[in-house]
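So Swiss-Prot lists the following for this protein:
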{"type": "BINDING", "residues": "Thr226, Ser227, Glu228, Glu280, Thr379", "note": "L-serine binding site"}
{"type": "BINDING", "residues": "Arg257, Arg258, Glu259, Val273, Glu344, Leu345, Thr346, Ser347", "note": "ATP binding site"}
Amino acid sequence: MIDLKLLRENPDVVRESQRIRGEDPALVDQLLEADEKRREAIKSADDLRAEHKAFGKKISQASPEERPALLEGSNELKSRVKAAEEAEAEALAKVNEIQMLFGNVVTDAPAGGEDDYIVLEHVGTPRTFDFEPKDHLDLGESLGLIDVKRGTKVGGARFYYLTGDGAFLQLGMLNLAAQKARENGFQLMIPPVLVRPEVMSGTGFLGAHSDEIYYLERDDLYLVGTSEVALAGYHQDEIIDLSDGPIKYAGWSSCFRREAGSYGKDTRGILRVHQFDKLEMFVYCKPEEAVAQHQALLNMEREMLAAVEVPYRIIDVAGGDLGSSAARKFDTEAWIPTQNTYRELTSTSNCTTFQARRLRTRYRDESGKAHTAATLNGTLATTRWLVAILENNQQADGSVIVPEALRPFVGKEVLEPKK
């Protein structure tokens, strides 16, 4: 939810953000008009309440002869107060309705759509193979790590089993991420994967991409596509203590996505699936700390990608490709040899005060005044990392070298083909 104070003081900033996102700038004027009507309705209701209160004092001081007429006037005024309060509530509802149509105000992101990102950095050099590399599914099947056929039999398209060392490889990766998170001051959590509509809406996931979310109609609950949702809802309607610095959580959960808009895309293997596991970082901080925290999350992603030994690049995502809650987002993309391209492994977003304003999460400054907090999120490990790990570390004999950082968890240095 955007800041109405920012809207009033800098409407052109919000208009430009709408243009960068590819959204309608005319919404700015609609919201300004609705906000003005809301403020007028508040003043009108406040004035009538004050008048009614003064009238009550006059009645208490009136003589018995004067009271009947004054009581009649008081009742009439009471009706006017009720009508004014209804108008006030209606005006507020209209403001909220229009406000919910806005994405976050874009900050420093490049203009354009999905293909207009800016590459900020390349790390590592894509490997030159002296043999024809296999894709992750061929490797996963020959090594006994991935079973898509039985996953499809049981759950349908885009489901799979991780088996044997494949399960240990994922658990090792997630455990390594959890350790790194704890070393960097994050509190590990295993949060709910089902959340109420107000939490899903509060995080900005019930907008244009709501068809990507699984909804349990009988229970009025949503399955999360990321633990970001549950971690953002953790402090809903609370005033949190940021006097000792940011509050940092790392959520380990299964995640669920319908992939409704992805028909025909990445149907092979486990790159784009309906269920996967992920360790997600989430930070609450003061708004002025958010940019630095965003870089800190990106640096942790860098460390983790270095640990699993894959070449990658970092991109600055264009405004038109941002989710509604993000003011700016960096993606890290790993090199996938058999696709001859980079594919997204992680993202980290600065959501400024957008989510916390919707979820009413605040903190107090040194004077005791309450302010809306800022929130940020970033992925530290997830199932699709296995795609990059397997393909980049394969050998000519069909084996895969386990990255050194994962060997204590997997218990092997090399994964050998099953005979």
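Cβ from N, Cα, C; glycine included.
Just tell me what is around each of these and how deep it sits.
Cβ neighbour count for Thr226 (L-serine binding site) (all protein chains, 10 Å cutoff from its Cβ): 22.
Just so you know, the Cβ of Glu259 (ATP binding site) picks up 16 other Cβ atoms within 10 Å once every protein chain is counted.
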Measure from the Cα of Thr346 (ATP binding site) to the Cα of every one of the binding-site residues Thr226, Ser227, Glu228, Glu280, Thr379, then give the nearest.
Thr379
Are there any residues at least 6 positions away along the chain from Ser227 (L-serine binding site) with a Cβ closer than 8 Å to its Cβ? List them or say none.
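Within the chain, Ser227 (L-serine binding site) has Cβ neighbours under 8 Å at Met189, Pro191, Val193, Gly251, Trp252, Ser253, Cys255, Lys278, Glu280, Phe282.
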So around the L-serine site, Thr226, Ser227, Glu228, Glu280, Thr379 aside, which residues have their CB within 8 A of the centroid of those CB atoms?
Val229, Leu231, Gly251, Ser253, Cys255, Lys278, Leu279, Met281, Phe282, Asn377
Report, in whole Å, the straight Cα-to-Cα distance of Thr379 (L-serine binding site) from Ser347 (ATP binding site).
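Answer for this pair: 6 Å between alpha carbons.
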